[in-house]
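*Asks:* This is the structure I have questions about; it appears just below.
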């Protein structure tokens, strides 16, 4: 059995959460010529749960190929993807502050879902879990939205906000997994790791 795993994610939050589980990990980041963002394209009429699970599998496929291509020591690879959904509408990462403003206006004064899929796999075995949480935003003023969008924090975040950042001031209620909303659900990830023989 391997003594460590690879984390195929550029998210510092996921790395921090994984470290809390006590499992040693090494980053397995995309090569410069890999278009990682292209994997996140939404298919027509794709449901949010199907989308986030498909993208996570694509990320795992790409990471396992990367591992083989680089000739690195074999070990399980962990991938994760988070998306925000209002009904069937998927909110990915905003392209700029104006896009973040548009997303936040739509999410203001609503309860939306945050779906995080996690996959752990090797060339011979793979497992996947899905964690769904709900977040309720209060009614945000235009000034609050514009100030937050201009802060830069929404960039690179699904739904244009970070639950562990300034956006917490707008969240009136949440249910489910706080770590899942951050990007790596601890309970479900621990279950995956245990299924691969890791002691968590």
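Just so it is clear, glycine is given a Cβ too, placed from its N, Cα and C backbone atoms.
Take a look at what Swiss-Prot says about it:
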- 13: site 'Important for substrate specificity' (SITE)
- 81: active site, proton acceptor (ACT_SITE)
- 82: site 'Important for substrate specificity' (SITE)
- 164: site 'Important for substrate specificity' (SITE)
*Asks:* Within 10 Å of each Cβ, count the other Cβ atoms and name the one among the recorded sites 82, 164 with the highest count.
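*Replies:* Counting Cβ neighbours within 10 Å, the top one is 82.
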*Asks:* Excluding near sequence neighbours, so keeping only residues 6 or more apart in the same chain, what lies with its CB under 8 A of residue 81 (active site, proton acceptor)?
*Replies:* 40, 52, 55, 56, 59, 116, 117
*Asks:* Once near-sequence residues are set aside, which residues in the chain of residue 13 (site 'Important for substrate specificity'), 6 or more away, have Cβ atoms under 8 Å from its Cβ?
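*Replies:* For residue 13 (site 'Important for substrate specificity'), the qualifying residues are 164, 182, 183, 184.
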